[in-house]
Amino acid sequence: MADTDTDKNASTVSSRDQSSSDLFEVVGPEETSNITTGDVEKATNEEQETKEDGTAYPAGFQLGLIILALCLSVFLIALDNAIIATAIPKISDEFHSLPDVGWYGSAYLLTTAALQLLFGKFYVFFRLKWVYLIAICLFELGSLICGVAQNSVTLIIGRAVAGLGAAGIMSGALLILAHSVPLVKRPMYAGMIGSMYGIASVAGPLLGGVFTDKATWRWCFFINLPVGAITVVVILFFFPEPKQDKAVNEQASFAEKVMRFDPIGNLLFIPAIICLLLALQWGGTLYSWNSGRIIALFVLFGVLIIGFIFVQRRQGENATVPPRIISNRSVWASCLYIFFLGSSFYLMVYYVPIWFQSVQGATAIESGTRNLPVLISVVVLTIFSGGLVTALGYYAPFMILGTIVMSIGSGLLSTFQPDTRSPAWIGYQILFGAGVGMGMQQPLMAIQNVLDIRDIPTGTSMITFLQTLGGALFVSVAQSVFTNQLLRSLAAYVPDLDPNTVLSTGVTNLQKALPKEDLSGIKLAYNEAVTRAFLVATALSAASILGSATIPWKSVKAKAKNP
């Protein structure tokens, strides 16, 4: 490996020396004094505008359209996660399908999480543009099915189809970005794309409230169609298909081509993730955590995932997660970091509105408006930190800062009381959002900085998968913490009130459905329960130090292939 790197470096130096001598030969000895530092920097910048395959990166209006399309596609999947929660009450009323409510979210999450790593393989061995467009079209088809659904089963099928497409959208968007912008400029644009999650997390409940109250819940799905169509048109006509690696196109037998997709590994991995997510979705709701069904699902998950790990070690380069990639320190540190950061962020997005509605009596739309501080800080800091990484080159400092600021912000949020005033809840949200914004996109930059271009799809799919899995896992953990604390606090503050009455009422109807003399005690109980969930987010924020403190300090300005 060292000899190979030496040869590459020598070749690079030789080619640069030759390029420099050619430059001076053209201008002649008498004109060399006119060459300035600016001329050299200009030549260097021109080199950065050319891909490794010799083709030019998109620029100007073309690049602007591509970035807009990528932002819209990521906004779609982020919005879909946030908007469905607002629509569920209306949907269940129309279809009389209260027992199916859990599946409206689960069907989407199951297909998304289970197929994210497989999409990494698709992006390696098939054409990037067409895999991405197929993912968008699947998501659009699922949204259309949901929008026209006349019964609950059809809606669940539509959610599953939309999840199939969503599995490939985020990773595909980041891969298109990698082929559209030089690495040194990529953090700023990645920050813009990543900020769509922050915008959608707050815009979703607001739009959902408007659609369900002023029009129909079906527009929560129909809105995806025109936005997705814009993305399809732009990518189809303005994004140039990158050249595939020659090794990908080499002659191989049918059996060899099939084995590239690690069928045995995926036959173990996909059921394992489905078992885990079903256990998390059903545990504590449909079934108790110690029921036979839930225990069996966890046991099956453990057995299948152990089998998956064994297969990955044996498969080598054909593995869904090749050992040489996950053993790279930058890769596993990035995976740890995004797992804990994503978990903390999703947990806060889920529980902060509950605090506003249950403790302060805000409506769904008002709670969405009061979430704007975290939205603004996530968006601003995601873009700003991306710009700073582009300027300075290093992403590791922003991961460390993100851990510190996010931990402080979430810790302060856990101090909420029923009488907490707006300056406090605004400031604490801004602080937490700033920490998330600083760190959210840095793992993706680390992956793209240390991996070869053909390994980036695998690395990117690992990051997006762990972000999804972390959110699903710890929202369920926090839900268990929340419910147990709520039951204890209700018994302490309103002992004469049946706790099941409070749980079945829901946070939006507390003020109307329950006796006024019990409301103060109920608010205290909800406050204690929600802040316990915030403590889970605080622990997760602090745990992200496992990734930020161990990631190597590398610069996007001097890309290193080895950690």
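Backbone N, Cα and C atoms are what each Cβ position is placed from, and that goes for glycine too.
In TrEMBL this protein carries:
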- 11-21: compositional bias 'Low complexity' (COMPBIAS)
- 66-556: domain 'Major facilitator superfamily (MFS) profile' (DOMAIN)
- 1-52: region 'Disordered' (REGION)
- 65-89: transmembrane segment (TRANSMEM)
- 101-119: transmembrane segment (TRANSMEM)
- 131-150: transmembrane segment (TRANSMEM)
- 156-177: transmembrane segment (TRANSMEM)
- 189-210: transmembrane segment (TRANSMEM)
- 216-239: transmembrane segment (TRANSMEM)
- 264-282: transmembrane segment (TRANSMEM)
- 294-311: transmembrane segment (TRANSMEM)
- 372-391: transmembrane segment (TRANSMEM)
- 422-440: transmembrane segment (TRANSMEM)
- 461-482: transmembrane segment (TRANSMEM)
- 533-553: transmembrane segment (TRANSMEM)
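Tertiary proximity for the transmembrane segment (101-119) is limited to same-chain residues at least six positions away from its ends with a CB under 8 Å from its CB atoms, namely 80-81, 84-85, 88, 91-92, 131, 135, 155-157, 159-164, 166-168, 171-172, 261, 266, 269-270, 273-274, 277-278, 281-282, 285-286, 320-321, 461-462, 464-465, 468-469, 472. Tertiary proximity for the transmembrane segment (422-440) is limited to same-chain residues at least six positions away from its ends with a CB under 8 Å from its CB atoms, namely 194-195, 197-198, 337-338, 341, 344-345, 348, 352, 370-371, 373-382, 384-385, 398-399, 401-410, 412-413, 416, 541, 544, 548. Over the domain 'Major facilitator superfamily (MFS) profile' (66-556) the predicted model carries a mean pLDDT of 87. The stretch with the most CB contacts under 8 Å to the transmembrane segment (156-177), chosen from 189-210, 264-282, 372-391, 533-553, is 189-210.
Same-chain residues lying 6 or more positions outside the transmembrane segment (294-311) and placing a CB less than 8 Å from one of its CB atoms are 262, 264-265, 268-269, 271-273, 275-276, 278-279, 282-283, 287-288, 319. When Cβ distances are compared across the two stretches, the transmembrane segment (131-150) makes no contact with the transmembrane segment (264-282), since fewer than 3 pairs at least 6 residues apart fall below 8 angstroms. In summary, the transmembrane segment (264-282) does not lie against the transmembrane segment (189-210): fewer than three C-beta pairs, each 6 or more positions apart in sequence, are under 8 Å. Beyond the ends of the transmembrane segment (189-210), by six or more residues, the same chain brings 67, 70-71, 74-75, 78-87, 173-174, 177, 181, 220, 223, 349, 353, 364-365, 367-369, 371-372, 374-375, 378-379, 382-387, 433, 436-437, 440-441, 444-445 to within a C-beta distance below 8 angstroms of the stretch.
Distant neighbours of the transmembrane segment (216-239): 58, 62, 65-66, 68-70, 72-73, 75-76, 79-80, 83-84, 86-87, 90-91, 94, 129, 132-133, 136-137, 139-140, 143-144, 146-148, 158, 176, 179-180, 207-208; these residues of the same chain sit at least 6 beyond its ends, with a Cβ under 8 Å from one of its Cβ atoms.
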